[in-house]
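Novice: Quick one: structure below, then a few questions.
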Amino acid sequence: MTVDAAFQEELQHLHEVTGRISAQLDRLRQKEQPAASGDPDEAETADIVAAQVVAATRAQLADALQRALQEPYFGRLDFAEGDQPIPERLYIGKRGILDPDSGDPIVIDWRAPVASMFYTFSGQQGQDRAGYMSPDGWVEGRIDRKRNIVIRQGKLQRVVDSYVRGEENLGVADEFLLYRLSEHRDHRLRDIVATIQAEQDRIIRADRNLAVVIQGVAGSGKTTVALHRLAYLLYQYADRMRPERMIIFAPNAMFVDYISEVLPELGVGGIQQTTFTRWALAKLGHQVRLRDPRERLARWFAVQPDPALAEAYRVLKYKGSPALREVLDQAVVEWTASAVPDVDFSPWAGEVLPAATIREWFYADYRHEPPLRRRDRVLARVKRWYETRIAEAEWSREEKAARRQQAANRYHAYASRWPDVTPWALYEALLRKDSAWTPNAAAAVPDWVAAYHRSLRGQGASGSRIRRAADTEAAAATGANQHKADRSRPALSAAGEARRPLVDAEDLAGILYLDVRLRGVRSDETFDHVVIDEAQDFSPLQIILLQQFCPQGSFTILGDLSQSIHSYQGIDDWEEFLRLFPAERRTFHKLDVSYRSTMEIIEFANQIAAGTPGFVPARPVFRSGEPVRVEPVAAEERYERAAAAVARLQAEHTTIAVICRSDAACDEYARALAASGIPAHRIGAGDEHYEGGVSVLPVYLAKGLEFDAVLMVDVDESSYTADPLSAKLLFVGCTRALHQLWLQYSGRPSPLLPAGVHPQAHPHMYGVGETGRPLSRTS
Ligand SMILES: Nc1ncnc2c1ncn2[C@@H]1O[C@H](COP(=O)(O)OP(=O)(O)OP(=O)(O)O)[C@@H](O)[C@H]1O
């Protein structure tokens with residue numbers, strides 16, 4: 001079939017399909033009923049509610065059909081089941097569309113099992129057989145054709161056969177991918193349903209109750225794949241998973257904004273998208289406040305790192321470690337072991353509920369409950385116990401009232417003998433090791449951790465107020481068989497704390513873990529699935545904590561160790577996470593092809609990171625673009641030169657980033673751009689929106705984002721020194737660029753730049769002319 005004939009054939013089909021969709025839409029609109037008038041009675045109200053539900057469903061369908069009119073499908077697979085001579089034409093789109101009369105599919109949802117062949121079938125080595133796992137088992141057949149179809153705003157734009165049975169099929173699939181990759185993007189991440197690659201498809205369709213851990217190089221589609229996986233899970237397990245019970249943890253609020261359009265495009269709404277810090281603070285009911293992270297970020301990422309930070313790194317690593325988890329578990333066991341006051345309860349003289357019985361309730365009857373819930377249940381039972389006694393007694397009404405009053409007073413006194421604890425107070429007692437009550441479990445906390453932790457808080461600023469039990473009142477509540485009051489361990493409470501204590505983000509996992517251990521997780525707090533993006537910056541304790549909220553162990557955990565710029569809190573090896581899951585409940589995937597950037601950019605970036613421990617080079621797809629440009633600029637002209645470079649880039653690109661080494665530098669460059677009449681968005685740590693256009697941002701915030709063109713400024717020997725953190729930062733900055741990468745430096749270039757740009761190695765490359773000289777692999 002000629003290209004033209006194929007185009008005509010698809011034009012005809014598109015016409016037919018849009019006609020059928022429009023007819024469905026018309027029918028839906030005709031069914032819209034006028035709103036009822038007047039005051040409805042009860043039966044009418046029920047009818048109205050039912051009608052509203054139907055109307056909402058119809059509105060959803062109408063919305064889906066309306067969207068489908070713009071781009072009903074993107075692919076066609078001619079599949080002959082078994083040995084059928086005539087194949088069926090399967091059109092694959094973002095949403096499945098059925099013929100309302102016959103029930104036949106007009107368009108097949110990309111997530112349907114049969115559609116998986118569109119992604120996994122390559123037709124290599126003359127292989128024309130393919131299969132998929134249907135609900136009724138494995139189905140096999142023959143593929144006659146695989147076709148990519150581009151439709152925009154309802155108009156057919158491109159038809160490419162990436163496989164035709166019996167013909168030579170070399171590289172056409174790649175050609176279509178390249179066509180999609182070379183497109184300019186707007187300022188948000190997009191769906192990739194038309195070009196999902198086989199290795200990505202495997203991850204997207206991985207089983208539900210697995211921890212899927214992905215190590216993927218920069219630009220390998222990790223974030224995109226995770227979002228598609230959510231859409232897949234919701235489709236495939238519609239009866240068992242709900243969007244509002246799924247959560248995506250993103251590295252910062254702006255990233256949440258950046259990825260916010262993919263799921264709606266895939267027809268999925270209602271999934272929570274947040275940062276770990278935000279979520280944990282909300283979970284703790286804002287019992288604690290977060291110290292302003294900006295000052296710390298500035299210290300971590302300072303051009304000349306503070307040597308004292310090494311100690312801080314060590315402590316923060318400990319705060320995210322499984323070793324701390326053991327301490328926390330032990331502390332809860334300890335607290336639980338002495339939670340029941342060693343006194344009987346006597347509601348009135350002569351009546352006693354022995355301490356031994358109460359202990360039995362706590363340690364035997366309710367042993368499966370977390371300790372604070374147990375405490376509440378036991379106290380409620382104590383109350384019920386004396387109320388039953390009163391109810392069953394043959395006393396006068398007045399007498400009963402008097403007893404009830406007395407019992408209530410004694411009950412309050414008794415209840416106050418039960419130790420109270422807040423997760424924060426317990427955490428603080430464990431990590432400081434110098435509080436009036438220090439649990440035995442604290443012995444396992446290294447002294448250097450405690451010393452550092454104390455120095456952070458300042459000696460007087462501890463939030464762990466420790467109070468003695470209200471002994472006087474309690475004494476009145478103890479009965480004849482009074483045991484020695486348990487004074488050895490006073491209760492912990494943050495009650496009365498005038499100000500909420502200040503903590504660092506790295507403390508949140510430990511504090512919330514204690515909360516969970518003490519209080520438990522309610523079933524309505526649990527998740528059906530958890531996605532963790534940039535997971536290399538998560539700690540094992542954060543994962544352990546999230547496991548408590550995700551009982552099915554359904555996780556997608558993705559990241560890139562080469563981009564672990566927050567190494568003080570993250571991991572060095574995925575094994576640290578993998579070992580937290582049983583072997584049969586986890587899978588590990590590696591993605592090493594980078595789809596984002598051109599070959600030139602990837603090869604350049606690979607050389608920068610080559611020396612960092614554990615670095616995995618990215619493999620580019622064969623997409624060639626502009627050479628990477630490395631330009632020396634005179635120090636006093638650097639702002640003007642940056643503005644000139646941005647102006648040049650604007651001629652060809654939509655989203656452009658000026659990436660600086662520090663926040664202070666960002667301010668300077670943003671000012672310079674403004675002075676040159678270039679409106680730019682200065683992105684800072686607290687920002688929640690990514691606007692597109694020209695952005696100026698510090699390199700530590702660039703992770704996860706992408707831009708058509710990137711200008712990295714001040715890439716000199718003092719801003720990016722020869723150390724792993726600088727190498728990772730420079731690598732992250734460079735790999736943000738899709739189509740063009742431009743670097744400027746004053747003085748001497750960073751030693752991290754590929755050898756070709758060093759004056760020593762290639763003197764002719766140095767001292768380039770006014771506009772700089774392109775560096776290409778051939779130059
Ligand atoms: N199969 C694909 N088809 C088309 N585009 C793709 C494909 N896979 C990834 N991309 C594109 O590559 C770019 C990088 O994707 P994404 O941001 O998900 O990668 P990442 O691995 O999370 O990157 P990083 O670690 O650098 O943040 C995006 O523009 C995405 O649309």
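Count begins at 1; order follows the chain as displayed.
Backbone N, Cα and C atoms are what each Cβ position is placed from, and that goes for glycine too.
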Novice: Which residue range, 122-152, 463-493, is the one TrEMBL calls region 'Disordered'?
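Specialist: Going through 122-152, 463-493 one by one, TrEMBL gives region 'Disordered' for 463-493.
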Novice: On the three-state reduction of DSSP, what should I expect for THR223 (ATP binding site)?
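Specialist: DSSP call for THR223 (ATP binding site): helix.
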Novice: Mind giving me a neighbour count for ALA218 (ATP binding site)? Other Cβ atoms within 10 Å of its Cβ, every protein chain shown.
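Specialist: The Cβ of ALA218 (ATP binding site) has 25 Cβ neighbours within 10 Å.
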Novice: Among all the protein chains here, how many other CB atoms are within 10 A of the CB of SER220 (ATP binding site)?
Specialist: 25
Novice: Enumerate same-chain residues with a sequence separation of six or more from GLY216 (ATP binding site) and a Cβ-Cβ distance below 8 A; give 'none' if the list is empty.
Specialist: LYS222, VAL225, LEU558, GLY559, ASP560, HIS589, LYS590, LEU591, ASP592
Novice: Does DSSP put VAL217 (ATP binding site) in a helix, in a strand, or in coil?
Specialist: coil
Novice: Given the recorded ATP site (GLY216, VAL217, ALA218, GLY219, SER220, GLY221, LYS222, THR223), which additional residues of the same chain have their Cβ within 8 Å of the Cβ centre, ordered by sequence?
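Specialist: My list of surrounding residues reads ASP560, LEU591, SER594, TYR595, ARG596.
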Novice: Could you check the binding-site residues GLY219, THR223 and say which one's CB has the fewest neighbouring CB atoms inside 10 Å?
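Specialist: The binding-site residues GLY219, THR223 were compared, and THR223 has the fewest Cβ atoms within 10 Å.
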